[in-house]
Amino acid sequence: MDVLLANPRGFCAGVDRAIEIVKRAIETLGAPIYVRHEVVHNRFVVDDLKQRGAIFVEELDEVPDNNTVIFSAHGVSQAVRQEAERRGLKVFDATCPLVTKVHFEVARHCRAGRDVVLIGHAGHPEVEGTMGQWNREAGTGQIYLVEDVEQVATLQINQPENFAYTTQTTLSVDDTRGIIDALRERFPAMQGPKNDDICYATQNRQDAVRDLAKRCDLVLVVGSPNSSNSNRLSELARREGVESYLIDGAHEIDPAWVAGKQHIGVTAGASAPQVLVDGVLARLAELGATGVGELDGEPESMVFALPKELRLRLVD
């Protein structure tokens, strides 16, 4: 039995930036630092930041006045930003810049009076933040959420000749393409972004899993259950005809999964750290894996800047 690693896998530039913002805010300002929502969807990362002095909350009313709060990588609505300003909270914004790009698109369409269809998963914090960019006082249009092709068939849009679509950044590329095609068939005048809203890291990791699935008879995806992009990776592997499981770490591997397997693929969602992958490799070695290889993959060199106030580290 051998192991093949997907490439790329694990942290993306937006996740790296978000985690570093929390660490440096604690380092610079001292604990505790409040973070609205899990800064990224990974249990190991969140627990580590809690130990450093981060306090995770779901709503701003859990943050004492005049304290510091960090917005998660998933972004927040304009209402949340306004509440933070009203209450005098110091804000560090860890929203992924690629999510912010989608926010700007929605706001621009709103000002232009267009209707907007957001393709995404209801209840996901990124979707809530993006829907919350819509200012009903600034435009005459409406915003609609579509989750699947079936919903397109019954979608009623006020301005079918004057609307655009945007998407959540962590969706299945294949599923999203199907929804866009269905929308365009029903509404030929639909406008879209110049470039896909699904982020480069999501695309690259899905391409890598597709390659992995061709060579393996089992694919393990390291990521937490609430991670959208990690779930999409495991779903994609299964869609490609390969047995696949989403695991938070090595402790969740069932020995029965690997029994009789020849080639085991391992990847990690964009919010899962390499240390968890290392643990999975060690556990697979205990279960009989004798070699580890790595696929060639799309190089990633993107780096997102930190807030100016956090760019210089304190020196002990």
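Quick reminder: no glycine exception, Cβ is built from N, Cα and C everywhere.
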Among HIS41, HIS103, which residue does Swiss-Prot annotate as binding (2E)-4-hydroxy-3-methylbut-2-enyl diphosphate together with HIS74, HIS124, THR169, SER227, SER228, ASN229, SER271? HIS41
Going by a 10 angstroms cut-off between Cβ atoms, which of the binding-site residues HIS41, HIS74, HIS124 has the sparsest surroundings? HIS124
Have a look at the binding-site residues HIS41, HIS124, THR169 and say which one has the shortest Cα distance to CYS199 ([4Fe-4S] cluster binding site). THR169
What is the separation, in Å, between the Cα atoms of HIS41 (isopentenyl diphosphate binding site) and THR169 ((2E)-4-hydroxy-3-methylbut-2-enyl diphosphate binding site)? 14
Please give the maximum pairwise Cα distance, in Å and rounded to a whole number, for the (2E)-4-hydroxy-3-methylbut-2-enyl diphosphate-binding set HIS41, HIS74, HIS124, THR169, SER227, SER228, ASN229, SER271. 15
Quick one: pull the CA-CA distance for CYS96 ([4Fe-4S] cluster binding site) versus HIS74 (isopentenyl diphosphate binding site), whole Å only. 7
Residues satisfying Cβ distance under 8 Å from CYS12 ([4Fe-4S] cluster binding site), sequence separation of at least 6: CYS199, TYR200, ALA201, ALA270, GLU300, MET302
Measure from the CA atom of THR169 ((2E)-4-hydroxy-3-methylbut-2-enyl diphosphate binding site) to the CA atom of SER271 (isopentenyl diphosphate binding site) and give the result in Å, rounded to a whole number. 14
